[in-house]
Amino acid sequence: MRGGMGKGIHFSKLYTFSCFRSKFEDEHGQLGQRGYSRIVFCNDPDNPEAVQLKYRGNYVSTTKYTALNFIPKSLFEQFRRVANLYFLVVACVSFSPLAPYTAVSVLAPLLMVIGATMAKEGVEDWRRRKQDIEANNRKVEVYGKNHVFNETRWKNLRVGDLVKIYKDEYFPADLLLLSSSYEDGICYVETMNLDGETNLKLKHALDETASLRDVRSFQNFKSTIKCEDPNEHLYSFVGTLYYGGQHHPLSLQQILLRDSKLRNTDYIYGVVVFTGHDTKVMQNATDPPSKRSRIERRMDKIIYILFSTLILISLTGSMFFGVDTKNDIRGGELKRWYLRPDKTTVFFDPKRASLAAFFHFLTGLMLYGYLIPISLYVSIEVVKVLQSIFINQDRDMYYEETDKPARARTSDLNEELGQVDTILSDKTGTLTCNSMEFVKCSIAGVAYGRGMTEVERALAKRKRSRPHEVTDSSSDLPECNDHVVDSGKPVKGFNFRDERVTNGNWVNEPHSDLIQKFFRVLAICHTAIPDVRKESGEISYEAESPDEAAFVIAARELGFEFFERTQTSISLHELDHESGRKVNRSYTLLHVLEFSSARKRMSVIVKNAENQLLLLCKGADSVMFERLSKDGRLFLAKTMDHLNKYAEAGLRTLVVAYRELSEQEYKSWEEEFLPAKTSVSAARDALIDAACDKIERDLILLGVTAVEDKLQKGVPECIDKLSKAGIKIWVLTGDKMETAINIGHACSLLTKGMKQIVITLDSPDISDLEKQGDKEAIQKASRESIAKQIGEAKAQIIARKESSVTFGLIIDGMSLDFALTKSLESSFLEVAVNCASVICCRSSPKQKARVTKLVKVGTGKTTLAIGDGANDVGMLQEADIGVGISGVEGMQAVMSSDFAIAQFRFLERLLLVHGHWCYRRITMMICYFFYKNITFGFTLFWFEAHASFSGQPAYNDWYMSFYNVFFTSLPVIALGVFDQDVSARLCLKHPLLYQEGVQNILFTWHRILSWMLNGVISSMIIFFFITNSIVNQAFRRDGHLVDYEVLGVTMYTCVVWAVNCQMALSINYFTWIQHFFIWGSIAFWYTFLVIYGALPLKVSTTAYQVFVEACAPSPFYWLATLLVVVSTLLPYFAYRSFQTRFKPMYHDIIQRRRSEGSEAEVSAELPVRVKEKIDHLKERLKHRES
Amino acid sequence: MDAVAMYQFTQQSLPACKPVLTPAWVTTTFFLVGALFIPIGLVSLHASHSVVEIVDRYDSECVPDLFKSNKVVYIKDMSIHKNCSRHLKVHKHMKAPIFIYYQLDNYYQNHRRYVKSRSDQQLLHGLQHNDTSSCTPEESSNGLPIVPCGLIAWSLFNDTYSFSRGTHKLRVNRKNIAWKSDRNHKFGKQVYPFNFQNGTLIGGGKLDPNIPLSDQEDLIVWMRTAALPSFRKLYGRIEEDLNVDDVVVVNLLNNYNTYSFGGTKKLVLSTSSWLGGRNNFLGMAYTSVGFSSILVAFVFLLLHVRNPRPYGDTSCISWNRKSISS
């Protein structure tokens, strides 16, 4: 109950006379001062004073760029990346004579890369702009000078305008509610867009303005509002309305926020208070914290390494160059006379050799710039976007019932999914469905309800010897849906089956009067709002929490139909237990004593038709039992027994009780309560609590409700798989410890053989202290107790480290508070990390975020948080990866998540399959990228060494600039998008494979550096094999010799072949796509060479006819290519062969087994599955067509 | 069908070939590489050996003893005749055509300053093309543009050779020694040398101003810059066979200055095979890669047989040792 109710309760309180807490109440005094200086002239925006204030208009723009600043701003964003900046500098310098190649050939790829990214930004921004335009041009009715309401556009609204909003329209700005179609000036608001909560909230106009319901009455309406300045606090508002010579304090109850929607109310009148960017929702619009993956952070380091290498080899080059240049003139004599060192620019001047060397250093930086892969960032970005598309497309993560596919909201974290070490999960709505079902109750000591919960089934299953799993899960399915079979017409939120009570049979039960009272409490004591559908007469409820809805629905199903609520009354259709007919009964609502997490109960005080005063109360057992009167404890023992059973069965329980009040008693209490409620001091909450406490006494016990929050389908199997993959799972829940433990068992988080460590403050001595009320003593004792318990746990773990016993840690919220203090933090973490699973019960949203941070920072490993509600947002944002469940609890969690899935069980596939693949792909891709650029870059360097380091590139300019763009990029992208080491099925079958990512063994420095070394070796083989085999002698029968042009083409051919074949060797998955890209790239090189060589000499320069005339007819050229390519690949191939056979990695083993057929794969099993799916797909297509 | 393919594509389950490095595959591959490379290597070696090559270094021998200690003075002194004759003995029958090359060592034709110092447009269009800024520092002399401009042309090689066997002079064919595309498309048929080697410092050879550039094949060959600091260039062809023990007398003019920078000059006579000239490296590399690949295959097989380990055993994986909860 608590978790569910707590969620919805943030700011809306149903009634103005309810305990609305505004901590800013005290701040009314500050009006007019700094931060509280806003003045609004209602219905008088043309007032000269108002004009002078120059408040902003209602035009909003959420775009990142404008037409004017798009180019400079997006360019600036682009060049914040070091690599891009480097290439920009290179491009600029390439216009100077320093450049070893033409400027265009550097600029072209840079422009392409930058252009692609900018285009992406532009398109995204254009979409935002279209949304803005749509919003700014929506119509709204404004009260004009001609004293009627005229339509105008949203963007033309001004502060002080009087507007009329109709049902189901959005509020164009933050408004002050003046009056509504209801007489008492209430209206209902849906705040889905603000906080993601789907329930309706009630707003209430000041009584003084509620009468302004006629258009004519606005003719003379003039008033002033003084209020706070624009701020981002959604849940507070401070202001005063000066109207009719008096001032009235305003609170959030009167404020309608932009982007929320008017519901259930025909129209309202309001005054614009905040416009445009001043509105609270716009003030809240901040970018979520940006997350970067570990791989990318390491990649930056590698880039730095490459930069250092670049500088180092440029330095080496420039030193040699300096020496060579200096020697060109010795003793006034020209040495290399053919270079005319006597008549030269500074760049080659022997007299200024050191300066020349410096300039040459710059040239070197440009020339060896090919070590830095220019297209790496852009390729990774493209790959990640494509990966996300595949994640979104995955049919196995598509939830048909709600039509929700998985959604990667950011593509930056794909590979991080493959490295998750700890999952921190919410329980309600994440592990469970969060569709509460009323399943059982105990009334007057008699237990009703025959359904069996999933937890009970799990308990039963644990007792039985485990049968074969497959049969188990198949038999589960019909069981899950058994209530459908039974009752014929399933009612959402109601799964109560007991013929003694249903269909009005309860009148025949022994305590039928108590049963009647019990359900009456359920039907009256709540804050739900009925929604009667006109056509069918069916009633649905808007409740703050699913629990509450379940109660009201249960009451309805059993004959206490709540159908109307006004400010002061609640009306029911009741089944009269004497006549057996339905009668209308109305209850006058006097007070609602709100639920709060401290009070753990809520009550209503009503007067029934017989003028009896009743206090109806429901709440947690811990507070309720002690409030029972002596006569009210009649069934206490039996009820408690039932309650414990329910808790064990994983049900959420609430105790229901009531008492009758005498008129006098009520009056005297009210005298005390009203001042408390209206008081404006800091102690207000305490006063109210104390007052409530006084009346909520001497209750008479009616019974206990039990609501089931069903486990989602496949959760136990999923958790089982994840823990087999070595992922630690922490559950952070608001539930009671018993419930949490039972859920833990049900979803196989806690297993039979597991040793449970419980850390709690629920010990007798602490509660003794609590009774004494000495806060400091409690603090001290608690801390000591926790420290002791943690110490013991540590000792236990150390003692059994060698044995195979695993531990499960359970800690409650109070203890967690102490465990998270500085002094205990590290030891707590140490204990927790050594436990296979951890359950934190009764934890608050803030604690959840703190625990997440502790794990993230403490272990330094990747954490994943998964949750569904607004209370999980902190946790989701804090964790390395936030996964939102797009379930029933609104969209808040999804909005702040990085990935959204519809069901918890999809997490298995998201992590084990997509995570693993993406991790593998990205790491492979980065390693390969460095390899291919080093291979290429170092051939340039070796050539330099043979060209007296003069800075002459070995290849034609365009070969070089197309290297990263055309000849090698597409296969890498194919690798990054499509490669699979093992199939999805095997990923799931061998969850241990996931550890490759967790331990990051595919991206260790050793592996990265090995790839780089491989690149250097390849470049050496390419250069030295070619030069040695070709040196001096003719390479054709007709006696022609190899010159600069032919050498360049030959070497380049070898490079293209080598890196592409290396790719073919390194990938494990060849579809036509890979074949197409890899062999296509090589073919494209030859095509390019032919076409480029056929262009006029002016364009093709050194490539002119070189392939067709010189290379292609020479057998030597082809033989040399074959030799070099095979030789560059052999070292890697040999290494992989030996490693696969003698020191295999896990994926090698799986691949090997698959190929040996011991996995009984592809041939038999898969096609059947695929075929089924295809048939299914076809059917759906047919449906769509027809 | 399309729907199926699309489904397989989006679900990443396209039919695929998934190569695995099984021991059988590994050994087969290595053996195959060996089996392919050793024959190729042997054939290449044979081709290389079938080529007869005579190399004669003449740069120091052709300097009179008087100047041995100061070769630079000798080469720069215009008044001295640079005649020199060399006797080359044919040690094996050489079949026509016999290619005549000159070889320069330690000569950086691939130096950036040097490579850039030319104007392709001028070579093609002559004086009509005015922008010769790329030719610095040899773009003009005495205020007039130079055709052909640039360092490469300016440093044209100008040793000459003539050959005789006994008393009989060997005919040397010096046509078609340049690439056809160079002759037809890079050097203009209407472009004549102009103002060439008229500067204060004379570089290399001079050109006949009455012959168009497209016919100056020595220049065309020279202008096709070499890749490495040691290179050969084609001088001409002897189109008759040379027999064993023939002595070829070479009369040469040792004009070109390689002494300043410590370079060497060689004269090379060589036949050719289908693979080109004589160089064992390719053949050797093929055979040794082939042999080592077979060796690796044997080592692999040996280790494979000696260490029979059931494949499913995962205990050797380091990270598996950590107990992962069941």
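Glycine is treated like the rest: Cβ placed from N, Cα and C.
Binding of ATP is attributed by TrEMBL to A:ASP426, A:LYS427, A:THR428, A:GLU548, A:PHE595, A:LYS618, A:THR733, A:GLY734, A:ASP735, A:ARG842, A:LYS848, A:ASN871, A:ASP872, and the same site annotation extends, among A:ARG652, A:ARG659, A:ARG697, A:ARG909, to A:ARG652. In this view, the densest Cβ surroundings among the recorded positions A:ASP426, A:ASP868, A:ASP872 belong to A:ASP872, judged by other Cβ atoms lying within 10 Å. Sequence-distant neighbours of the transmembrane segment (A:1046-1069) (same chain, 6+ residues past either end, Cβ-Cβ under 8 Å): 924, 928, 931-932, 935-936, 939, 943, 954-956, 959, 963, 967-968, 971-972, 975, 978-982, 1018, 1022-1023, 1026-1027, 1030, 1035, 1078-1079, 1081-1082, 1085, 1089, 1102-1103, 1106-1107, 1110-1111, 1117, 1120-1121, 1124-1125, 1128-1129, 1132-1133, 1136, 1151. The recorded positions recorded for this entry are A:ASP426, A:ARG652, A:ARG842, and the Cα of A:ASP426 lies nearest to that of A:ASP868 (Mg(2+) binding site). Note on the transmembrane segment (A:357-378): residues 81, 83-84, 86-87, 90, 93-94, 98-101, 106, 109-110, 113, 116-117, 299, 303, 306-307, 309-311, 313-315, 317-319, 321-322, 325, 346-347, 926, 929-930, 932-934, 936-938, 940-941, 944, 949, 951, 953, 960, 963-965, 969 of its chain, located 6 or more positions outside it, place their CB under 8 angstroms from a CB of the stretch.
Following the DSSP three-state reduction, the secondary structure of A:ASN871 (ATP binding site) is helix. Rounded to a whole value, the Cα-Cα separation of A:PHE595 (ATP binding site) and A:ASP426 (active site, 4-aspartylphosphate intermediate) is 22 Å. Remark: secondary structure over the domain 'P-type ATPase N-terminal' (A:40-104) totals 29 helix, 3 strand, 33 coil, with classes taken from DSSP. A 10 Å radius around the C-alpha of A:ASP872 (Mg(2+) binding site) takes in none of the binding-site residues listed as A:ARG652, A:GLY734, A:ARG842. For A:GLY734 (ATP binding site), the count of additional Cβ atoms within 10 Å of its Cβ stands at 27 [all protein chains shown]. Annotated pair A:ASP426 (active site, 4-aspartylphosphate intermediate) and A:ARG652 (ATP binding site), C-alpha to C-alpha distance, rounded: 16 Å.
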